[in-house]
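Structure first, then comments.
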Amino acid sequence: MAFDLSYFVSNKLGMLATSDHASVVSMNLFVALLCGCIVLGHLLEENRWMNESITALIIGLGTGVVILLISGGKSSHLLVFSEDLFFIYLLPPIIFNAGFQVKKKQFFRNFITIILFGAVGTLISFTIISLGAMEFFKKLDIGSLDLGDYLAIGAIFAATDSVCTLQVLNQDETPLLYSLVFGEGVVNDATSVVLFNAIQNFDLTHIDHRIALQFAGNFLYLFFTSTLLGAMTGLLSAYIIKKLYFGRHSTDREVALMMLMAYLSYMLAELFYLSGILTVFFCGIVMSHYTWHNVTESSRVTTKHAFATLSFVAETFIFLYVGMDALDIEKWRFVSDSPGISVAVSSILLGLLMLGRAAFVSPLSFLMNFFKKSQAEKVSLRQQVIIWWAGLMRGAVSMALAYNQFTRSGHTQLRGNAIMITSTISVVLVSTVVFGILTKPLILFLLPQPKHFNSTSTVSSENLGSPKSFTLPLLGNHQDSETDIGNHQDSTDRGLGRPSSLRMLLNAPSHTVHHYWRKFDNAFMRPVFGGRGFVPYVPGSPTEQSTNNLTERT
């Protein structure tokens, strides 16, 4: 008996050791592939057709083919796609860095247009895709899909991925276009996820006007509470660092606190069933406005690089991950006997997302142009084409939502669910690779004036090499450093005058709101939470020297 027990324990330990070793081998290969993606992306920096996201996706596909051949057709990936891994670990650093790096002035100047495109436009696209899928899929033999599945399909394919376009657009040369594409992408992802969660939580068997009103109220509640939670978390981090000032003893602590508070905002949103995407995005904006200025100069450099690097690695990881999982043999076996149906479903979905995109870009652009008096603030026809094109690509958000809806722990035995998973994979691959390859030539054709392009989705090399980039990351177009803030504000006041009347508010609403926000920020917010103007003092440090230089100038 004792011999049998010892044999059983040793056998189990041996199996566990083998499993652990296999995991180590998989992680080694995956990290090596990530390094290869970075090196190859650098070599293809100036390529007219390729960018890093497409490179990572193609490398993932190639690796999946090799693993499929080696395993004899049993497996194609090192890691199984998990929506939990995506939403909890990979997405937060990408969205936070987006908020941390964005130019606030340009973003909030176009905030209404961004909300229209990101929220209203997503609802229009969701409606068209859901109704179209319901109409066409019932004519195809793809298995039983209920109303909840059709609505989920609308939410899944309403989620865009504008990474390829943002890698080509330059934030300084096309600020309006970049702001609209970037802002819409963030709001679109948040709206799609909120829609998807609402569909799963609501009883769809009895739909009436009360359900529709409750759905709209729930969406507005999630939007505003998520935004408020992100702002409060960012303000709390600013207050703690300002009052305790960790840089006096250790810059590591203030850097660690910034990173942990940023991640805490996302996890708190998930804890309270809010939108983590919106929460961490606005936390990044608030942290860049207050917290980032409260830390030492060395910590500013460190955090700017650290957040950009984490976002870059997460993006590369996601595209590599999606590429390898695209050849999951378990799902493709279900459609091997009817490839025509799978192709038809994928083609219908591609057509519907193109139609859904076109249904709101031009009408909403026309609506916003009608209220814009300055020609520079209007969205031209060429820019509308680029905005439409940027929203055609689908990525990991669509994949994660599809796996959540149509699989259980990454597996499914239902033919209809398997067809939807393989169709989602096909749409993601075609839209990312084909549309992504054509993005740079299209933008060069429509906007020939830019002289160079930023092929990195986080921080451009030009900005990182500039000393001004470590002074203020989130100023407007004409604010490049702290030394010209006062001049900019004076010139703004002289050119606009004091917006003391309703007429001035109607004539120049963005300038008026900005003027009053500046007054409120300087009088109430910065004395409490710090920000620009609060320079930590450490004797003998570079911060002290920069403070002395600033004092001598004034």
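From the backbone N, Cα and C atoms, a Cβ is placed for every residue, glycine too.
Annotation source TrEMBL lists transmembrane segment at 22-41 (among others).
Among the features that TrEMBL reports, domain 'Cation/H+ exchanger transmembrane' is placed at 31-443.
Beyond the transmembrane segment (53-72), the same-chain residues lying 6 or more positions past its ends with a Cβ under 8 Å from any Cβ of the stretch are 29, 33, 36-37, 40-41, 44, 78, 163-164, 167, 315-316, 319-327, 329, 429, 432-433, 436-437, 457. The annotation transmembrane segment is assigned in TrEMBL to 53-72 (among others).
Feature annotation from TrEMBL assigns transmembrane segment to 78-99 (among others).
Counting same-chain residues at least six beyond the ends of the transmembrane segment (111-130), those with a Cβ under 8 angstroms from any Cβ of the stretch are 150-151, 153-155, 157-158, 179-180, 183-188, 190-192, 195, 223, 349, 352-353, 355-357, 359-361, 364, 367-368, 379, 387. The feature transmembrane segment is assigned by TrEMBL to 111-130 (among others).
Sequence annotations record features per position, and here TrEMBL assigns transmembrane segment to 219-241 (among others). Same-chain residues lying 6 or more positions outside the transmembrane segment (219-241) and placing a CB less than 8 Å from one of its CB atoms are 119, 190-191, 194-195, 198, 254, 257-258, 261-262, 264-265, 268-269, 272, 274-287, 289-291, 294-295, 528-531.
Feature annotation from TrEMBL assigns transmembrane segment to 262-287 (among others).
Annotation source TrEMBL lists transmembrane segment at 307-329 (among others).
Positions annotated as transmembrane segment by TrEMBL: 341-366 (among others).
The feature transmembrane segment is assigned by TrEMBL to 386-406 (among others).
The transmembrane segment feature in TrEMBL is assigned to 418-447 (among others).
Residues or ranges marked as region 'Disordered' in TrEMBL: 481-500.
Positions annotated as compositional bias 'Basic and acidic residues' by TrEMBL: 481-496.
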Legend entry - Segment-segment contact (the transmembrane segment (341-366); the transmembrane segment (78-99)) at 3 or more Cβ pairs under 8 Å: no
Legend entry - Beyond the flanks of the transmembrane segment (418-447) by at least 6 residues, Cβ under 8 Å: 48-51, 53-54, 57-58, 61, 142-143, 145, 149, 153, 156-157, 161, 164-165, 168-169, 174, 177, 319, 322-323, 325-326, 328, 330-335, 341-343, 345-346, 349-350, 353, 382-383, 385-386, 389-390, 392-395, 398-399, 402-403, 405-407, 412, 453
Inset, instruction - Counting only CB pairs under 8 A, let me know which of 78-99, 262-287, 386-406 has the most with the transmembrane segment (22-41). - result: 78-99
Inset, instruction - State the residues, same chain only, that lie 6 or more residues beyond the ends of the transmembrane segment (386-406) and have a CB under 8 A from a CB inside it; answer 'none' if no residue qualifies. - result: 81-83, 86-87, 90-91, 117, 149, 152, 155-157, 159-166, 169, 177, 180-181, 184-185, 188-189, 192-193, 196, 318-319, 321-322, 325, 353-354, 357-358, 361-362, 365, 379, 412, 414, 417-418, 420-421, 424-425, 427-428, 431-432, 435-436, 439, 442-443, 446-447
Inset, instruction - Would you kindly list the residues that approach the transmembrane segment (262-287) from elsewhere in its chain, counting only those six or more residues past its ends and only Cβ-Cβ distances under 8 Å? - result: 87-88, 91-92, 95-100, 102, 104, 107, 186-187, 189-190, 193-194, 197, 222-223, 225-227, 229-231, 233-235, 237-238, 307, 474
